[in-house]
Amino acid sequence: MLGPGLISIAGHATPIKELLWLLSLFAGIIICKIVYQLTGAISPFFFTGYVKLDWQKKLEWNNRGFSTFHAFLVAAVSLYLLLESDLFRDGAQDELMINRTSAFSDSILGISTGYFLADLAMIFYYFPALGGTEYVLHHGLSMFAIVQSLLSGQAQMYIFMVLFTESTTPFVNLRWYLDVAGQKNSQLYVCNGVALFLGWLVARILLFLFFFYHMFSHFDQIKEVYLLGFYSLLTVPPVLALLNIVWFWKIAKGLIKTLRKARHRQ
């Protein structure tokens, strides 16, 4: 006999949706591969020192290329679905907000799953060159939550709120690129550090506070989520929020150090 969670998933899944999910997932993996190769191909035209980097630095350089692409994609789509679209707007549809989905939102979640799968595979294969256990935890929890939401058709609004936090990734990657390029003393490095601090504060600290407030104020709908999804909503976001606070503390210390050095150079 199927449990409540499997019944919920089985009731939402159809052959057409399953095909869309698989195609989107493979599309995400293929896009990562294409952007990875393109990053390696065009980087020498923008940074001549790229060809002199060792294989490990080139590996991370190209990896950060497709993580930046994914960040721009999911942040833009999340912003559209959460603010412009009527998909999750209160009162816009008869369907409960917690149960709303669309072919477009499903496709983006599938592509994002493909990205996290591809990136996690690279992290494991080259461990710890591309990140330590905190990255494995972040990617694993993110993928776990996305897949649950995709298969059950529930809580997609909250998934896109969390995916919007990826908007800080381009600033993280630019900081790494400037460091490798020997530009830690540049004005751009300082400005990017300030932008990263402010962006992280808004997208990964304040947004999570709103996330928890929204969950609390819509808890009658949260209780409609199938059992595993319900407990995941109560446990996964706090863990991600804790990771964000730890990283924010490191970013703040790094910014203070950078600003002090910039002041001494004046």
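Just so you know, glycine gets a Cβ as well, placed from its N, Cα and C.
Per TrEMBL, the features are:
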{"type": "DOMAIN", "residues": "56-260", "note": "domain 'TLC'"}
{"type": "TRANSMEM", "residues": "20-46", "note": "transmembrane segment"}
{"type": "TRANSMEM", "residues": "66-83", "note": "transmembrane segment"}
{"type": "TRANSMEM", "residues": "104-127", "note": "transmembrane segment"}
{"type": "TRANSMEM", "residues": "190-213", "note": "transmembrane segment"}
{"type": "TRANSMEM", "residues": "225-249", "note": "transmembrane segment"}
Item checked: Result, the transmembrane segment (225-249) in contact with the transmembrane segment (190-213) (3+ CB pairs under 8 Å) -> yes
Margin query: Within the same chain, where does the transmembrane segment (66-83) have neighbours whose Cβ lies under 8 angstroms from its own Cβ atoms, ignoring anything closer than 6 residues to its ends? I mean 6 or more beyond.
Written below: 31-32, 35-36, 39, 104-105, 108, 111-112, 115, 118-119, 157, 160-161, 163-164, 166-170, 173
Checklist line | Beyond the flanks of the transmembrane segment (225-249) by 6 or more, those residues with Cβ under 8 Å of it | finding: 3-5, 7-9, 98, 134, 137-138, 141-142, 144-145, 148-149, 152, 154-155, 158, 162, 165, 200-201, 204-205, 208, 211-212, 215
Next item on the list: Please average pLDDT over the domain 'TLC' (56-260) for the predicted structure.
Entry: 95
